[in-house]
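J.: Quick one: the structure is below, and I'll ask about it shortly.
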Amino acid sequence: MKSDNKNIRHLSLPALQEYFGSIGEKPFRAKQVYEWLWLRHADSFEAMTNLSKELRQKLTEHFSLPAVKVDTVQQSNDGTIKSRFRLHDNHLVEGVLIPTDSRQTACVSSQVGCSLSCKFCATGYMDRKRNLDYDEIYDEVALINQQAQETYGKKLSNIVFMGMGEPLLNYKNVLAAIERITAPDGLGMSPKRITVSTAGVAKMIRQLGDDKVRFNLALSLHAANDKKRSEIMPINDSNNLKELIAALNYFYKATENEISFEYILFKDFNDSKEDADELIKIYRQVPADLVNIIEYNPIDMARFQKPEAKTAEEFMEYLAKNRVNARLRRSRGKDIDAACGQLANKG
Ligand code: SF4
């Protein structure tokens, strides 16, 4: 459990140096501790073995280190690994490792639950309990990175913020976590390998542009007209497609980072030729690199179904004929409820 002590990972290196100065310790000790916290990802003061016992004791008395713990792990028959992580206050979030021949991708959560209530998503049926702190998001990534190395002998190559929660409604922590994930004294990953996926918060998409972020952005589109989109994603009532298109263009102008769309195919809802035409129209209004067409993974609470394979194929062919760079993303980890939209399904 977290104590009332201040979380040591909420201190910057200069603040840590100041603290070490105040207790008469040499400044290089602060650097050593900082390295333990981020680069070496220590989950307790006890683990910092090159510090004296007295110093470790002092740190324990003064600070807390509420590290995220792996609670349960499930491995799919396609190699996907889903982990349930326990936070210091016993809340649970899920993260997924998706291995392919060329990539090791982590799909991470940014909130406990979600407030956006998308109708096709299991997390959307939970309330939002709280935001994850940036050190907790960092822990998720570091723990999945460890799994990738232990299981597949490779480090993580990509990260997608497509797990539980809306990352742009936990803006500060997501950006701070990415800063640590990309820092040379953190996980040292390239921001070009990170994609933040949003259900569409126009104001914060513009903020990403103003902040000149270096990671990529994906918009969960899922329906290409306002009526249908509002039906499955209530956030569309306050952030309609016109506003989102304008915000995405603003983001691109400010950063030139990659933009992609996510589009889950739902049987008899958004899988017709007319739907494809509307999708093409939106694609042409945004400098998007890619449309990921995603196979729907049924969840217990929703009425949607997956279209026939032939319908999906025809949809893809039609997009290709109209020069849309689209890719059909097959589900991974379906058997363990680790696939897109399934996190938090079945408890
Ligand atoms: S799809 Fe994303 S934004 Fe929508 S309810 Fe699920 S977690 Fe929240």
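We number each residue from 1, going along the chain as drawn.
Using the three backbone atoms N, Cα and C, a Cβ is placed for every residue, glycine included.
Relevant sequence annotations retrieved from TrEMBL are reproduced here:
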type: ACT_SITE; residues: Glu94; note: active site, proton acceptor
type: DOMAIN; residues: 100-335; note: domain 'Radical SAM core'
type: BINDING; residues: Cys114, Cys118, Cys121; note: [4Fe-4S] cluster binding site
type: BINDING; residues: Gly165, Glu166, Ser197, Ser220, Leu221, His222, Asn297; note: S-adenosyl-L-methionine binding site
type: ACT_SITE; residues: Cys340; note: active site, S-methylcysteine intermediate
J.: Find the one among the recorded positions Glu94, Cys114, Cys118, Cys121 whose C-alpha lies closest to that of Gly165 (S-adenosyl-L-methionine binding site).
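T.: Sorting the recorded positions by distance from Gly165 (S-adenosyl-L-methionine binding site), the top entry is Cys114.
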J.: For the recorded positions Glu94, Cys121, work out the Cβ neighbour count at 10 Å and name the residue with the minimum.
T.: Glu94
J.: Given Cys118 ([4Fe-4S] cluster binding site) and His222 (S-adenosyl-L-methionine binding site), what distance in Å do their CA atoms have, once rounded to a whole number?
T.: 10
J.: Cα-Cα, whole number of Å: Cys121 ([4Fe-4S] cluster binding site) versus Leu221 (S-adenosyl-L-methionine binding site)?
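T.: One finds 14 Å between the Cα atoms of these residues.
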J.: Kindly point out which of the binding-site residues Cys114, Cys118, Ser197, Leu221, Asn297 have a C-beta less than 6 Å from some atom of ligand 1.
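T.: The binding-site residues passing the 6 Å Cβ test are Cys114, Cys118.
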J.: Identify all same-chain residues not among Cys114, Cys118, Cys121 whose C-beta atom falls within 8 angstroms of the centroid of the [4Fe-4S] cluster site's C-beta atoms; report them in sequence order.
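T.: Along the chain, the qualifying residues are Leu116, Ser117, Phe120, Ala122, Thr123, Gly124, Tyr125, Glu166, Ala199, Gly341.
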J.: In whole Å, how far does the CA atom of Glu166 (S-adenosyl-L-methionine binding site) lie from that of Cys114 ([4Fe-4S] cluster binding site)?
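T.: Spelling it out, the Cα of Glu166 (S-adenosyl-L-methionine binding site) and the Cα of Cys114 ([4Fe-4S] cluster binding site) are 7 Å apart.
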J.: In whole Å, could you give the widest CA to CA gap in the S-adenosyl-L-methionine site formed by Gly165, Glu166, Ser197, Ser220, Leu221, His222, Asn297?
T.: 19
